[in-house]
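Q: Please find one structure pasted underneath; my questions will follow.
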Number of protein chains: 4
Amino acid sequence: MVFFDHDDDKPHEECGVFGVFGSLEASLLTALGLHALQHRGQEAAGIVSYDGKRFSSERHMGLVGESFGGDLRQRLPGHAAIGHNRYSTQGRPMARNIQPIFADLDTGGFAVAHNGNLTNARILRQELVRNGAIFQSTMDTEVILHLVARSPKKKFVERLVDAMHQIEGGYALVGITGKKLIGARDPIGLRPLILGRHGKSYVLASETCALDIIGAEFVREIENGEVVVISEEGIESIRAFPPRPPSPCIFEYVYFARPDSFIQGRSVYEVRRRMGNQLALETHADADVIVPVPDSGVPAALGFSEASGIPFQMGIIRNHYVGRTFIQPTHTGRQTAISKKHSPNRAVLEGKRVILVDDSIVRGNTSKKIVQMVREAGAREIHFRSASPPIVNPDFYGIDMAAKSELFAATHTHEEMVRELKVESLGFLSVPGLYKAIGEPVRNGMQPQFADHCFTGDYPTQLLDHQRAQADKERQLSLLDDV
Amino acid sequence: MVFFDHDDDKPHEECGVFGVFGSLEASLLTALGLHALQHRGQEAAGIVSYDGKRFSSERHMGLVGESFGGDLRQRLPGHAAIGHNRYSTQGRPMARNIQPIFADLDTGGFAVAHNGNLTNARILRQELVRNGAIFQSTMDTEVILHLVARSPKKKFVERLVDAMHQIEGGYALVGITGKKLIGARDPIGLRPLILGRHGKSYVLASETCALDIIGAEFVREIENGEVVVISEEGIESIRAFPPRPPSPCIFEYVYFARPDSFIQGRSVYEVRRRMGNQLALETHADADVIVPVPDSGVPAALGFSEASGIPFQMGIIRNHYVGRTFIQPTHTGRQTAISKKHSPNRAVLEGKRVILVDDSIVRGNTSKKIVQMVREAGAREIHFRSASPPIVNPDFYGIDMAAKSELFAATHTHEEMVRELKVESLGFLSVPGLYKAIGEPVRNGMQPQFADHCFTGDYPTQLLDHQRAQADKERQLSLLDDV
Amino acid sequence: MVFFDHDDDKPHEECGVFGVFGSLEASLLTALGLHALQHRGQEAAGIVSYDGKRFSSERHMGLVGESFGGDLRQRLPGHAAIGHNRYSTQGRPMARNIQPIFADLDTGGFAVAHNGNLTNARILRQELVRNGAIFQSTMDTEVILHLVARSPKKKFVERLVDAMHQIEGGYALVGITGKKLIGARDPIGLRPLILGRHGKSYVLASETCALDIIGAEFVREIENGEVVVISEEGIESIRAFPPRPPSPCIFEYVYFARPDSFIQGRSVYEVRRRMGNQLALETHADADVIVPVPDSGVPAALGFSEASGIPFQMGIIRNHYVGRTFIQPTHTGRQTAISKKHSPNRAVLEGKRVILVDDSIVRGNTSKKIVQMVREAGAREIHFRSASPPIVNPDFYGIDMAAKSELFAATHTHEEMVRELKVESLGFLSVPGLYKAIGEPVRNGMQPQFADHCFTGDYPTQLLDHQRAQADKERQLSLLDDV
Amino acid sequence: MVFFDHDDDKPHEECGVFGVFGSLEASLLTALGLHALQHRGQEAAGIVSYDGKRFSSERHMGLVGESFGGDLRQRLPGHAAIGHNRYSTQGRPMARNIQPIFADLDTGGFAVAHNGNLTNARILRQELVRNGAIFQSTMDTEVILHLVARSPKKKFVERLVDAMHQIEGGYALVGITGKKLIGARDPIGLRPLILGRHGKSYVLASETCALDIIGAEFVREIENGEVVVISEEGIESIRAFPPRPPSPCIFEYVYFARPDSFIQGRSVYEVRRRMGNQLALETHADADVIVPVPDSGVPAALGFSEASGIPFQMGIIRNHYVGRTFIQPTHTGRQTAISKKHSPNRAVLEGKRVILVDDSIVRGNTSKKIVQMVREAGAREIHFRSASPPIVNPDFYGIDMAAKSELFAATHTHEEMVRELKVESLGFLSVPGLYKAIGEPVRNGMQPQFADHCFTGDYPTQLLDHQRAQADKERQLSLLDDV
């Protein structure tokens with residue numbers, strides 16, 4: 001269908017979630033919210049609404065804006081709705097893997113969508129199947145659904161907490177039952193979830209930018225390990241786990257979140273600008289111009305220019321008619337697609353000493369192509385700067401970022417990277433510098449304030465599936481190819 | 001999409017099933033078989049194949065010939081395949097209700113499709129949900145799947161038999177696992193299933209006409225209560241229930257089966273022609289011409305002409321560009337559609353005394369319209385003849401035929417029917433006459449040779465859901481509307 | 001898309017036309033009329049309506065019933081409309097060749113559709129192009145449009161007559177201008193066109209069956225060489241040519257027209273039945289059963305049975321889920337498609353001496369396959385009977401029937417045909433017998449009552465393009481492939 | 001289908017054109033070129049190729065990247081191709097108005113596409129229709145085609161020149177005949193067209209960015225009034241008009257062209273940056289931050305920051321999942337769409353004195369909404385700056401920019417604009433300042449170096465249709481609505 005280009009060499013978040021309770025425009029608000037969260041997943045989107053009697057559902061491949069036009073209030077009626085944008089970590093790109101998913105439980109209907117990844121999904125799944133559970137998709141979300149369905153507890157929320165005690169990993173989930181909108185966040189708050197208010201309605205969303213688009217006000221973040229239950233009676237908060245400090249994913253600051261979003265009260269844009277300031281202090285180079293890799297590198301490049309006094313220019317132009325990431329996640333597509341997204345602005349680059357600023361380097365493919373493009377446009381020197389530290393470890397909580405063997409910084413020395421990128425110099429922000437830019441003067445080595453394992457190797461949870469998978473490489477999760 | 005006309009006033013079979021094992025063209029043969037069985041269900045069709053490693057699946061709304069073109073061997077590879085045509089009894093016309101359905105069980109993948117209706121599906125479903133089962137469709141087939149998944153037995157076939165002991169009703173099912181093609185028929189053989197051979201492959205199908213289209217030879221009928229297991233080792237037969245005489249649905253002879261099919265060794269066409277012979281003997285009228293309601297009334301009308309000596313003519317022309325039944329099963333569609341399907345052949349009808357022969361009368365709507373059409377074309381007298389007895393009871397085994405309160409013969413006296421139809425006379429074949437035409441000299445009142453409850457009220461099984469449903473009218477099966 | 005089977009071996013009419021003036025449901029009536037005329041062309045359909053200010057248009061590949069659902073009065077508003085069904089003689093199966101076509105002329109908008117073929121279209125087209133005309137399709141209709149546009153006459157109807165004086169061939173056309181519905185028929189009336197009345201509206205159609213479907217009454221046939229102009233002032237008739245007896249295409253009786261239509265006051269069904277009577281007299285054989293090739297052979301087979309006393313039975317069953325002709329007119333498709341359309345009814349055929357009755361034999365392919373199928377079903381003897389004379393000459397007026405070198409009867413002796421068909425005997429209706437069945441005691445050899453050139457070689461007009469084409473084989477009509 | 005947002009308040013260019021001769025990947029290169037030119041028109045795109053024997057064509061509504069995927073070399077084979085992106089000035093958004101258009105002329109096939117608008121198209125069209133021409137679209141391009149077809153000249157190129165002598169207005173056209181790729185530009189060079197070379201192939205394109213995407217090198221601009229003919233013999237240049245200085249549209253610099261394109265040897269990005277420098281000099285305000293309206297305002301805002309020393313920040317975030325302009329050109333769509341495209345970056349705006357820089361103000365609607373959004377995000381002062389002079393006159397050469405009565409600056413005094421926008425101050429670049437930024441020290445009042453009529457009222461050609469249209473408002477161009 002569409003041959004959108006994509007950010008080949010970026011970490012990919014697999015999901016954005018949204019939910020609303022108490023508005024007759026629930027499904028429309030959800031579509032708008034998902035539209036604002038589109039950067040978190042472009043492969044597919046789904047919305048389920050509830051009108052007091054019946055759940056209605058639509059799930060489509062492609063962008064929200066392409067599928068959820070028309071009169072949504074008629075197609076997806078009701079005062080409550082949840083929605084989901086998906087990239088594709090677990091589960092191949094097929095129709096049966098689109099969230100939210102729905103089931104008729106003993107306690108009534110339940111629809112649920114989640115952002116994140118369970119680190120023991122495979123083990124739980126095998127156990128459930130052995131006990132007669134039927135899986136019709138390959139999504140982690142279906143595991144949660146089964147655990148809720150099989151919980152011996154009576155009340156729905158108790159069942160959900162019961163399920164949360166069995167799963168491990170990073171997740172933020174939204175769900176609706178006949179009477180409630182529910183939000184929940186994993187014990188360390190790896191995946192984001194916030195609460196907003198829109199008139200008399202309550203809203204749950206992955207980021208604050210989804211509140212802004214509908215004119216909702218920010219109330220607070222859902223806390224790590226918290227379950228919120230929103231109903232006509234108002235909001236109830238349940239602490240499903242013993243208290244501990246949160247450890248949210250540091251990549252929300254580095255790349256995932258939209259720059260106009262706020263996380264933990266901090267402007268993402270300002271954090272990225274300060275990362276640029278810090279980067280300039282740590283990795284100065286003499287140059288004529290600071291050029292961002294657009295759009296994600298812009299705030300850090302502005303910060304770099306600010307701190308270094310070297311002028312900022314748009315030396316690379318981004319074609320607007322391509323999505324931020326790809327709709328056809330095939331390897332071939334990835335290779336041919338890239339040249340159509342970025343164009344060199346020769347007038348800025350020719351004969352210049354250029355500092356190229358990007359948010360991060362993952363596999364290095366895109367960086368190499370951009371360097372080559374900038375060089376062919378006449379740059380005299382190219383100094384590549386990454387506004388985050390070297391990525392040397394994979395993620396297991398829902399970020400699609402390549403295996404360790406594909407990570408550029410994990411497989412090359414500094415000198416090898418300089419040589420492969422063909423740049424005059426290469427610099428990364430340091431881990432302490434990153435913490436400083438975010439606003440934490442010092443990283444707490446015993447219990448880091450953020451999940452920063454990609455940079456440091458300190459994983460915040462066990463990785464059961466991963467350990468098992470090493471031994472059990474070939475077993476396929478599902479046998480069905482569905483069209 | 002399509003505004004096909006349909007046989008408004010006919011009983012509707014909900015399904016045709018087909019399966020093949022041992023051919024590299026398994027999915028293509030299945031598509032052809034389903035095409036030959038298209039008269040058993042036109043709303044949707046699905047095929048699942050297995051290539052030794054992976055199951056592949058396609059399910060589409062609409063006719064087989066519209067969706068399953070192109071290179072099927074590539075899209076649905078493998079040596080084994082099953083397929084299903086659906087009308088729509090249980091479950092509204094939506095994508096998630098298309099068979100076959102698939103699940104990853106503890107014993108491996110399993111795909112299954114079935115024709116028929118369980119009379120205790122609702123009760124089983126409620127119990128399963130209470131025990132943590134998750135339902136993602138409203139199909140009876142999913143109940144069977146859950147029973148298989150939860151059976152304590154070790155071997156797959158034992159689990160299936162275990163499930164069959166829990167369900168009641170009429171069903172014929174086909175399934176594939178990693179190594180086997182499986183066919184099964186309910187304890188009294190209500191729904192048809194036959195076995196054929198195509199070269200080295202084995203074939204299962206609802207009717208013999210599906211063997212003819214692929215050039216397969218008929219081997220035998222699957223017996224009532226039998227499970228057949230086809231694998232590379234050949235065929236194994238399991239008798240899942242104590243032996244008893246079969247009691248197949250009599251409507252296969254009256255209307256469902258294609259005239260070129262054979263049931264229990266009898267030509268359906270010949271049976272219908274003898275029904276016409278018998279009808280002429282029982283309900284003679286003086287007339288100039290015998291006119292069938294095409295196409296289902298043709299064999300009986302020929303038989304009537306033969307026995308009465310009155311000439312047979314095509315006094316009603318059928319438009320070929322409409323399906324036998326409807327794709328949009330809404331009430332409104334039914335009403336407006338009818339006039340486009342039949343046209344009067346004025347040259348045959350004008351000034352004539354006409355005997356109109358149809359296979360049956362269900363709600364009477366179509367009959368009234370046809371009588372009116374024939375009258376307006378100039379017929380002087382109209383004698384309506386039904387080649388089956390009055391339908392006075394509903395079915396619960398998978399025939400969609402209107403509630404008792406809608407059945408014409410159940411709600412009108414003979415005189416009222418004559419008056420409403422506006423005919424000079426009306427005649428039905430008798431129950432003994434019907435048995436005679438089929439080839440059974442006498443109906444066995446203690447254990448009828450056929451399931452003839454629609455004519456007689458003798459239901460061959462318990463009707464658990466129906467009894468429960470009386471008390472529990474409003475509870476809806478699923479809460480989800482899915483698009 | 002669709003793999004409809006088709007009547008491989010039948011002559012193909014390329015068009016049905018319909019027009020209505022004076023009803024607010026003009027486009028809906030046109031869709032119904034085209035639906036009734038669907039047997040005349042299944043590849044594509046188009047409707048243009050006019051609401052007093054603006055023309056609206058829809059043209060689709062595929063069946064009328066598949067494309068023209070929904071609220072037609074809104075999409076195609078107005079009191080006047082014309083429509084067209086197309087098979088595909090001239091012009092490949094592509095979107096830009098769908099009729100009606102429209103142009104903004106000096107006299108205002110004009111939409112036109114036609115059934116038939118011009119025998120000098122190519123010559124006219126070349127001349128027009130030399131004089132600066134721009135052709136955007138390969139349809140004959142566009143030639144007529146250009147001739148009208150370039151006529152020096154002032155009034156629209158005079159321009160049309162002017163154009164008719166330049167074209168040769170067989171055609172029936174319908175058109176709408178801002179104020180008028182226009183119908184016209186070629187000088188010898190080769191292609192059919194009739195006039196009906198529906199309340200206060202007037203209707204034009206290819207056949208009377210299109211009047212019946214909307215409840216319109218038949219008024220009269222448009223005469224050969226006549227132009228009718230229907231407006232708010234009523235009907236005006238213009239005789240565009242000197243009077244001469246008509247010579248309509250005899251194939252309308254033999255195959256094209258629907259059996260419930262009337263031509264020249266004769267029931268098509270009755271004519272075909274009498275063709276069967278006559279065929280029995282001319283080609284008797286001792287046999288057990290008369291079997292028609294359904295559906296087109298049914299009336300003649302009934303007539304054969306009537307005259308011979310041998311019983312009529314449905315020994316071949318037709319699958320309803322295939323169109324009468326094909327949607328993909330490729331040669332390959334034709335070969336593989338046939339087996340899916342007809343099935344043998346073994347109960348009727350086994351061990352019997354069978355007289356197989358078909359309406360005609362064109363290339364013989366289908367006949368061979370049907371004979372083989374009947375033989376494999378166990379027939380002891382097969383006597384093939386064609387209810388029309390041997391087809392030994394091609395048509396050039398809009399019937400798609402294969403070149404002379406492909407015509408079975410033109411390229412084989414009687415003995416060779418018997419041998420190739422593998423039948424016990426073969427019989428054709430004689431030309432005098434055909435005239436007699438239609439109701440003309442004797443064929444007028446000087447000026448035959450019907451265009452019967454396919455049987456006799458007497459072409460009723462010059463064949464300019466054909467003569468030219470012999471010399472100029474390779475020049476292609478248009479250079480554009482459009483999707 | 002798609003609810004892309006759009007630049008409500010921007011002038012819209014209606015077209016981008018591209019052509020290539022001499023490459024076996026001609027259609028693929030054309031698709032890539034059109035993709036790079038997508039900013040010039042997003043409503044529809046078309047490509048015609050020629051393989052030496054046959055022209056092939058595809059035309060689709062929507063973006064190039066959505067429709068022209070797959071194996072283009074197979075679908076559109078050949079060594080020559082032309083393509084076209086369309087916004088929609090003349091002609092409503094319907095399928096029959098997509099370019100390129102094709103005709104079988106006396107000299108052979110000819111496909112043509114053009115960017116621009118004829119100012120005497122209506123008059124020519126009426127004359128052509130009076131002389132028997134048939135129009136099947138409402139596009140100006142069809143007028144050119146008819147003039148070529150009817151030219152008395154013998155050679156194709158002479159015919160084209162003949163046609164160019166009859167038309168007036170601004171246009172750049174590309175065409176292919178059997179042997180040639182042709183490019184032509186109007187006598188004053190209003191619409192852009194450049195020549196490039198790609199290996200052994202020649203390329204024509206609206207902008208240099210379309211050369212960059214395929215790796216082609218820039219050769220030169222096609223001159224005003226020039227016709228280039230590219231064939232296997234190489235390039236031939238014909239001067240169709242007496243020499244005069246060009247007067248290209250100044251809006252290419254202001255808004256249309258992509259910033260990485262070069263026009264007349266000048267970098268568009270640099271020109272815009274200098275417009276920002278100049279704007280700062282002319283309209284200084286005390287402020288804390290310079291904020292561009294992204295993306296078109298970015299270069300001028302950087303220039304403003306540079307000249308003023310006030311820091312540049314991304315105070316407005318643009319949602320990437322919307323196109324630059326939109327697909328549904330309805331008035332309603334325009335109103336609801338805007339809020340989904342821009343989001344305020346509160347961290348940058350709150351409590352600040354903001355200078356907002358945009359490229360231009362057309363109707364003022366978007367500007368008002370953006371000001372309101374920035375104010376609601378907490379800006380203390382807002383100083384609006386337009387990097388181009390007030391737009392006080394409409395265009396008639398292919399820019400869709402609203403009627404004079406809708407132009408904000410044409411209908412409001414400076415004070416009224418300040419009041420309606422609700423800003424602390426408002427400033428526009430001066431006309432001399434604009435010329436200076438482009439690199440022309442002084443505007444030549446007698447024969448301006450650019451077509452700047454929107455700012456000055458000096459139209460470079462006669463406006464025949466416009467004058468006539470005043471008198472003849474109601475006559476509609478075409479009567480057909482086509483789906």
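Cβ atoms here come from the backbone N, Cα and C positions, even for glycine.
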Q: Quick one: which of C:S296, C:S305, C:S308 does TrEMBL put in the Mg(2+) site with C:D358, C:D359?
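A: Between C:S296, C:S305, C:S308, TrEMBL records just one in the Mg(2+) site with C:D358, C:D359, namely C:S296.
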Q: What whole-number Å value do you get for the CA-CA distance of C:D358 (Mg(2+) binding site) and C:C15 (active site, nucleophile)?
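A: With the alpha carbons as reference points, the distance is 23 Å.
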Q: Between C:C15 (active site, nucleophile) and C:S296 (Mg(2+) binding site), what C-alpha distance do you get in Å?
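A: Their Cα atoms are separated by 18 Å.
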Q: So what's the mean pLDDT when you look at the domain 'Glutamine amidotransferase type-2' (C:15-233)?
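A: When the pLDDT values over the domain 'Glutamine amidotransferase type-2' (C:15-233) are averaged, the result is 90.
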Q: Count the Cβ atoms, other than its own, that fall within 10 Å of the Cβ of C:D359 (Mg(2+) binding site), considering every protein chain shown.
A: 27
Q: If you count other C-beta atoms within 10 angstroms, which of the recorded positions C:C15, C:S296, C:D358 is the most crowded?
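A: Highest number of other Cβ atoms within 10 Å: C:C15.
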Q: Give the helix, strand or coil assignment DSSP yields for C:D358 (Mg(2+) binding site).
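A: Its secondary structure by DSSP: strand.
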Q: For C:C15 (active site, nucleophile), what is the secondary structure by DSSP, using just helix, strand and coil?
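A: Looking at the DSSP assignment, C:C15 (active site, nucleophile) belongs to a strand.
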